[in-house]
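Working notes, beginning with the structure itself.
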């Protein structure tokens, strides 16, 4: 196209007037601008012309043919119009079968969309009009308006199969159905026409690797139950995995309904272990019992379900399967753990000095020897936990180690024996027995606590903890009573035994005892009846808080509040009545109780509104000692949910900069709760900085949390940090916490975890959370509780301890070493096909240790696991279809 001529004016000669010069310059600038604009327009025109000219002969022909068909579609003769429309359909279908780029027919017809709409409006009723509606429905995808024309014209169309228009069309249609459904529901209009389309779309999506889209559509139109008729062997796992993850982002009670659909699908496909996991997630005892009934004739599956329930530390209601009672009771956990220790060659006991890797400076040892001996006792217990022997407390030659401690230090030192012999009832009781009848009261009290620790998570027909501890509940010595009651709380956490309620609940009414005793009674009852929502016990707690009045604000009263909160752990709306009742309690005690109950009720849910409530409480402008509890509550609510945890880190960063002293003291503890036994570098760096803070309580909390996030991992980086801190705080009270953290880091010589999440991080163990919360609530007043007389509360962590192993057994429950691949787990939610679930794997022979983010899969096809998640104790059965070259097949032949 020829460029337009532009005339540039020549300025007149002569005349030096400034105003005229300015005027001339202005005119020149305007003309130059006009010239530039004209040149740009010319360039655009040239590009446009060039683009039009570059159409290939085939494209040019297609464009002309389509324009001709559009023109003929307005023909008055229906036969001609219908033929033209059918030809248009053929052209569009041939291009929409693969939507890798914008199809050319849609591109060329886009400019004719309004023309076709006018033709439709002016057409008479008949086949031609409905056929044109089908075409308009497809073209509306490229139109880009918000009128939902794709759905509108689909409903007006001929009703032909949507599959013929391709996947992209179906996806677009499903999106518009979701929006239209909400609008019609608000206006109380019929949605039958939409549901008919849904019944057509869902089968198409389910058979074309689009299960997530099918689930989304059914969720939006509230018809999720229809998914059952489309489930088969090929798609059930992807559907359930997607629905399970969706439940995190759906408010109640819809989240429970989604999870129940998952359970029904798993039961339909006979995936009973997976069904049981989801039922435990819902925390529905009836559903759990029903699943057990379905497999009562299948011994191997029944045993595998028993191992899953034992890991969660719960007992199903009306349980009467004697054949697996040993499994449910965790009776053989010690045996399996010792097999792991033997295989890893780590049974030899370690001394605390081997963990410290440097002897204490002589001057500091003399200045605070009793305190450092106490620290060594804790470290010895943590490091040798579960191995049955150590070099300080259970050695054959009596070292009299406990004599090197003073008063309550003796209690904790003797109690540490229970952690060394953890889970081994037969062998452990004999090693504790020698302390039980000592004339030294602190020694015998420590033995009572040790018995409780020994049987934590283990059930036995002999019931040794109850028979040995019950007689001391009404002792005249308060220390003895506290030891026995705390021991019972650790031993029977999560059992919800009514005989223990009748035994312990009268202790709450004891007016003669101080708040420390009442607090420990409340904590023990909370641990035993964790998540039970027991109304009788809840009422008793509230009455005690009211009766105690101002004493309910004392430091140890926090454990009474925590006990009440634990009753509602994870129960969400079930805690509303208790929260309303607590509003009647005025003062700081009532406020602490309300915050604790609300946080416990929504533990691990990631509930954004509750997190906002806690943040709002922190920002009220007044310096409130309970701000620290609100910070800890944020971590409790967000834990276990990856996105929420990341958001918490950012919140805590802001709170560190702007918050008051109570907030700053709680943040290290909150970080420890957010990531136990999972040493994330971001958290590690924050805690490393805070461990040098000028406020001693901030520094001590940070040091303790370094131990919590690295617990049982032997993490080299944290180990280096703690050794440096031991030198830095060589003559300081902080050294006690450095030693505790070093002991936690090497928990069980690196074989245990305190993280409450298991089964590929999908299930939260309430008992494990309870143990962590007991320690962290004590940490909120670290100066007056953990640093002084109540250091025995460090042992509450025993409720959270569990071997982080994968052990494979045959159908006779004998160890069966097999090759497994262990690597970083990969999020495969919403991915089509069968993608890899791990990356960067290494091949090992079971038993093996698994890290927080690690997952395992069998590296051989000789066996089939009875559960899809290889974690903890897994039963394998021989694969009847094993390849001929495999060792198992050769052995059979």
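Just so it is clear, glycine is given a Cβ too, placed from its N, Cα and C backbone atoms.
Database features, via Swiss-Prot:
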type	residues	note
REGION	1-59	region 'Disordered'
COMPBIAS	16-32	compositional bias 'Basic and acidic residues'
COMPBIAS	40-59	compositional bias 'Basic and acidic residues'
REPEAT	412-445	repeat 'PC 1'
REPEAT	446-482	repeat 'PC 2'
REPEAT	483-517	repeat 'PC 3'
REPEAT	522-555	repeat 'PC 4'
REPEAT	562-583	repeat 'PC 5'
REPEAT	666-700	repeat 'PC 6'
REPEAT	701-735	repeat 'PC 7'
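If you look at the repeat 'PC 6' (666-700), the same-chain residues 6 or more away from its ends with a CB under 8 A from one of its CBs are 627-629, 631-632, 634-636, 638-639, 645, 648-649, 652-653, 655-656, 659, 706, 708-713, 715, 717-718, 721, 725, 728, 733-734, 737, 753-756, 772-773, 776, 779-780, 782-783, 787, 800, 804, 852-853. Beyond the repeat 'PC 5' (562-583), the same-chain residues lying 6 or more positions past its ends with a Cβ under 8 Å from any Cβ of the stretch are 252, 283, 521-527, 529-534, 537-538, 541-542, 545, 590, 593-594, 596-605, 607, 764, 766, 769-770, 773-774, 777. Broken down by DSSP into helix, strand and coil, the repeat 'PC 3' (483-517) contains 24 helix, 0 strand, 11 coil. In terms of DSSP secondary structure, the repeat 'PC 5' (562-583) contains 17 helix, 0 strand, 5 coil.
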